[in-house]
Amino acid sequence: MKRSPAILKNRRGGGLGFAAIAYIGVDYLRFISPAWHDRLQPALWTILAIAAIIRVPFYKYWSSELRSAIPFIFAMLFLLSALLFEAISVRSVTAVLGLEWNSDASPLPDVGQWLVLSLNEKLPQTVVNILRARIIGLHHFLMLFIMLAFSVLFESVEAPGLGLGARFMFTMGIGRLLRAITFISTILPSARPWCASARFLVPQHPHPWAQKYYVPYATDSNAIRNVINWDTAYADPGEYDPEFRPDWGSMSFLIDFLRPTAPEGSSAWYHLLKKASGGCNDLIYSGHMLVAVLTAMAWTEAYGGYSSALIWIFVIHSAQREIRERHHYSVDVVVAIYVGIMLWKMTGLFWPMKDQSKATRLRRLEKIQGRLMRAAKDDDIEEIRELLKEVEVSSHVRENSNSKAMWLFSGGTIIFTLSMVLLAFTLTSDG
């Protein structure tokens, strides 16, 4: 049976796979030998950064990167907008029912959690310890993708790197929007009942919407039957404390969604939306797993090799840890996996990752095919060389290394992307 070359091998060596394994291994030393971790991690990042900078003058696809710059910027703005909507939604689903409901609501029965606990009793302790180990997290998958995008400098993956990054962010943005729409549609209790009280400072009682349309019909089966039959919210919601309403000016429409309290009601803006920490209700589907799956899909498609299989093993390990540590229910993890795969495949239908100069060269070759055939029949080597040179020049693959504008663009791109690396590493180091 023929094996898929995209997964089992690549044509560009194993340097990127080795760098990825080295990064994961060195970072895991924080749990085994913190002293060695403190020595090796800065050294590894320094080596990788220097290697990338050295390759910049020899990179010959800056024109492709320049063409991808505008889609990259738009994809980044789209992702940031999706993350903002998601951050508001995350807080809203916890705030609308209040801390009392979040603390008292029982977690949902989860077959995946039962399976994990059962395997703990049957598997060797060494295997269980490996499954429990925090080998890889959110920031690792983000860094693995950044390493993949930077590897265009070494021709490990095909240019443009900014095009690959733009597709990743655009796909992530779609995934985040779909996720937020999904979890705000039906509010599910957290697998960790103490989470909301520890993380959020919102009122204990439910919002007036929930007071009127949910609370009277939450536990009384007769009330549920009546509201179904009458299709009217007929019950008296009772008396609750009044809602705190700060003066947020033009942003006051968000008060009903975010439900600030007096101790934290001042804006700027709302303490940077409470620094966008994760939610406490069950947020179907898992955002962590979406990042992991999109990274694995990008790695498999762009690079291939046995390192891709290793990335997928990391995805599965991360999935069972999400369930084991009860950050998510099993359904969140399963849905995130197939949504991530389908979204990546979907965007691939209309978002070309490859260097467009290849298509240009092919079109040019089609035009001169007859002349090439005649030159080959006449054994005219010089004519063949001239024709192939025309193809190369017309595709504009190689750049003029003395172009001041291109040097400015390449320098700005490297500085910007390295800054993004530092920000991603700093802001997501806790997963």
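Every residue, even glycine, has its Cβ placed from backbone N, Cα and C.
Nobody curates TrEMBL annotations by hand; they come from automatic prediction.
The model shown is predicted, which means the values in this text are computed figures rather than measured ones.
Feature annotation from TrEMBL assigns transmembrane segment to 12-31 (among others).
What TrEMBL records for 43-62 (among others) is transmembrane segment.
Per TrEMBL, the feature transmembrane segment maps to 68-85 (among others).
The transmembrane segment annotation in TrEMBL covers 135-154 (among others).
Among residues of the same chain six or more beyond the transmembrane segment (166-188), those with a C-beta under 8 A of the stretch's C-beta atoms are 68, 71-72, 74-76, 78-79, 81-83, 85-86, 89-90, 92-93, 96-97, 108, 145, 149, 279, 281-285, 287, 290-291, 294, 298, 329, 339-340, 343-344, 347-348, 351, 353. Annotation source TrEMBL lists transmembrane segment at 166-188 (among others).
Averaged across the domain 'Sphingomyelin synthase-like' (279-346), pLDDT for the predicted model comes to 93. Taken from TrEMBL, the feature domain 'Sphingomyelin synthase-like' applies to 279-346.
The transmembrane segment annotation in TrEMBL covers 290-315 (among others).
Residues or ranges marked as transmembrane segment by TrEMBL: 335-353 (among others). Note on the transmembrane segment (335-353): residues 158, 163-164, 166-167, 170-171, 174-175, 178, 284-290, 292-294, 297-298, 301-302, 315, 319 of its chain, located 6 or more positions outside it, place their CB under 8 angstroms from a CB of the stretch.
Per TrEMBL, transmembrane segment is recorded for 405-427 (among others).
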